[in-house]
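Annotation comment: TrEMBL describes 169-277 as domain 'UBP-type'. Annotation comment: TrEMBL describes C193, C196, C213, H226 as Zn(2+) binding site. The domain 'USP' feature in TrEMBL is assigned to 318-864. Residues annotated as active site, nucleophile in TrEMBL: C327. The annotation domain 'UBA' is assigned in TrEMBL to 652-693, 727-767. Here TrEMBL flags H826 as active site, proton acceptor.
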Amino acid sequence: MAAGDVGELLVPYMPTIRVPKAGDRVYKTECSFSYDSPDSEGGLYVCMNTFLGFGREHVERHYRKTGQCVYMHLKRHMKEKVTGASGGALPKRRNTKLFLDLESNGDLNNDDYEFEDEAKLVIFPDHFEIPLPNIEELPALVTIACDAVLSSKSPYRKQDPDSWEEELQVSKHANTLVQMDNGVRIPPSGWKCSKCDLRENLWLNLTDGSVLCGKWFFYGSGGNGHALEHYKEMGYPLAVKLGTITPDGADVYSFDEEEAVLDPHIAKHLAHFGIDMLQMHVTENGSRDNDIKPRVSEWEVIQESGMKLKPMYGPGYTGMKNLGNSCYVNTVLQAIFSIPEFQRAYVGNLPRIFDYSPLDPTQDFNTQMAKLGHGLLSGQYSKPPTKSELIEQVMKEEHKPQHNGISPRMFKAFVSKGHPEFSSNRQQDAQEFLLHLIHLIERNPIGSENPTDVFRFLVEERTQCCQSRKVRYTERVDYLMQLPVAMEAAVNKDELIAYELKRREAETARRPLPELVRAKIPFSACLQAFSEPDNVEDFWSSALQAKSAGVKTSRFASFPEYLVVQIKKFTFGLDWIPKKLDVSIDMPDLLDISHLRATGLQPGEEELPDISPPIIIPDDPKGTACYHEDLYSPNILHHNYGMTNHFMEPPDIDESSVMQLAEMGFPLEACRKAVYYTGNMGAEVAFNWIIAHMEEPDFAEPLAIPGYGGATFPGAGGAAVVGLDNQPPEEMVAIITSMGFQRNIAFHALRATNNNLEHALDWIFSHPEPEEENETTSETMDLENHVNANILAESDPEGPRIKDGSGRYELFGFISHMGTSTMSGHYVCHLKKEGRWVIYNDLKVCASERPPRELGYIYFYRRIPS
């Protein structure tokens, strides 16, 4: 076709073709609805207006929905090199600028294969193709737009200094790093800073093998900065954090580039100092596992190192790429999508979710959940090698490049957006991410049923005043059972004492540490510790109307369909650095907690009076207080706190913050309330309170504080007496409304939970939205979910949704953690599927030979039908 013809062909579509601007995200590496990429058979289509990417089976939907006709088709071709090609040469590339930010594949430098990248414009609906580059034939605007798309950076790279959604970049020193041949060998444990006595937050310099402590801002832990001083003195640029080294990589920092980086040669650089990243996965002599030294390191036991594990392929056996300390995300998602309710909610409703997705599906939670569930369960990204590939692999002792597994980069970027921890590249707590995910699911309903209902249960808390013996029963919602580690019940105490003595002697003499002895804790002891009463700090007895000793016990008011059990292994050391209890607990395959069923108020028990505790005025030098009830009773006031006047001095308010806000044009009284209700934490925090409360009718009314005897404080002026009501504390209401919830919902939640802020938030998440809102949402999205109608028990419509039933359970999965704290280490998941255990270690999915049930961190049990 002549140049003029191509130009004329594009004329009708010119208004829809845009040039990416600063801030536009170009998704040229991944489909918005699937895990198709330029590596996939059908390639990837990038809309030239929205810059969203679509696989072959999803691009038609976008065309029909938006009417956008012009897409750029990107495809990476892989083919065997022609016989006679120079050995060791880099793959030939037809267009070297096409995919600079395409997620790198470790096989790109394979000597037997070469890769070619292809780009072309495709015009829908006729699929007319225009090869690129085509400068002579294309209009100038189209050429500029195509070049901008092809040269665009990753959409996940940080846009501003405060964003952590960034891909780590390969260090400029990685390929040319010089390592000293000084004979330094690093032991597997017992490290200490060579310039001080610190044993935490240690960094190994990859040039000379020095072990030195970091500064406090390196990954959030403390140090004296000797690693940085060493760099300034010697100029050796790269260091790896000890304790983060796994077979999949390690945390590497570049002092010269002043950021965390990737080192593609990290295995070689560590081996120079005697560190084997793979930790001897396969024995050299082919001996049976029973004949070799027992494996005691949790890294070896949990990952089942040294065993020939059979890879698993097909639906439900899809691995997930580690994006850099994202294994905590991978393990939780593998466990979640092994549960039928989640499979039906997202994958079962996938066509409807996709059809009703917003114009930008990358920013829609339900779309991304459905995409991820389909990626894990379809088998589309977990295909076994063909027979010819297996023969070739045996003959050449090499793997043909495989593209199995999915990369959850788009999902992680969305669900962690705005979260200070999950949006970082640092290791996190899998339990915290599980709760974060549950709350996101609660906030993004897809119909009348919610899959997180299977985790939800009611906890009955019985609080008893030790002096009056009177009791109070309350209920709260929870999603997991936190089981304490009963260290005092260890059955091998003598061995532990002997090991500790040997360990200290070895450290003092700088000898290799003895073989690890792990505390063996009976599960029954942990369950007993869970059921024991806890002391209540600062307990105020309404029977005595004074502080007293109190104890609290927790029982199950309902049993969930799926019970999640967290072993409370993580604690804090004396230096406040998180640590982990390295213990072995004999977790049962079958679990019966029926004896923990709540009983409610028992005959002979007397309830505590329903009287609220006194309001203690913060930072009040006189220690004065007043009550909600009987405010003007001098006997009560004198008896408890010796208070002789009913009204107190005006509250302490930071006037400088008030004036900063007033200068912005806000009413003075509103500014005073904002500063007070945000605890004098500064103008910025108070500004957020103002934005959240601007529409309220009493926004500009004078500050009124019930705790000050009903006094109203207009500015610094006099007080006007008003009656006290029994409403929740305004500061708690302010905190909840600042999170985006309506004021009336905050009131309901606080009243329902006796003004307990944490329980109020749980109450909000566990209660369905108002009926009118649900109907509107259902009509708008039309995503009614009719699955899982067999509910064992349904609570009151205004109460939390629960599925009560038997308290007998069967283990079907567990997540294990390796490492010394939640700030470092690695997570692995084991799931029981089709009658056998399977290990999910990021991209590696294999049949498990010895599932380490005793070393788990989070356990998943399903209810056994009665």
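Glycine is no exception: its Cβ is also placed from the backbone N, Cα and C atoms.
Small disclaimer: the values here were computed from a predicted structure and weren't measured.
C327 (active site, nucleophile) sits 6 Å from H826 (active site, proton acceptor), counting Cα to Cα. Of all Cβ atoms in the protein chains displayed, 26 besides its own lie within 10 Å of the Cβ of C213 (Zn(2+) binding site). In sequence order, S194, K195, D197, L198, L202, L212, G223, N224, G225, A227 are the same-chain residues whose CB sits within 8 A of the CB centroid of C193, C196, C213, H226, the residues recorded for Zn(2+) being left out. If you average pLDDT over the domain 'UBA' (727-767) in this model, you get 74. Around C327 (active site, nucleophile), a 10 Å sphere centred on its CB holds 27 further CB atoms from the protein chains shown. Shown are the recorded positions H226, H826; of these, the residue with the fewest other Cβ atoms within 10 Å is H226.
For the domain 'UBP-type' (169-277), the number of residues in each DSSP class (helix H, G, I; strand E, B; coil) is 15 helix, 21 strand, 73 coil.
Shown for the domain 'UBA' (652-693): DSSP residue counts in helix, strand and coil, namely 29 helix, 0 strand, 13 coil. Counting residues per DSSP class in helix, strand and coil order gives 28 helix, 0 strand, 13 coil for the domain 'UBA' (727-767).
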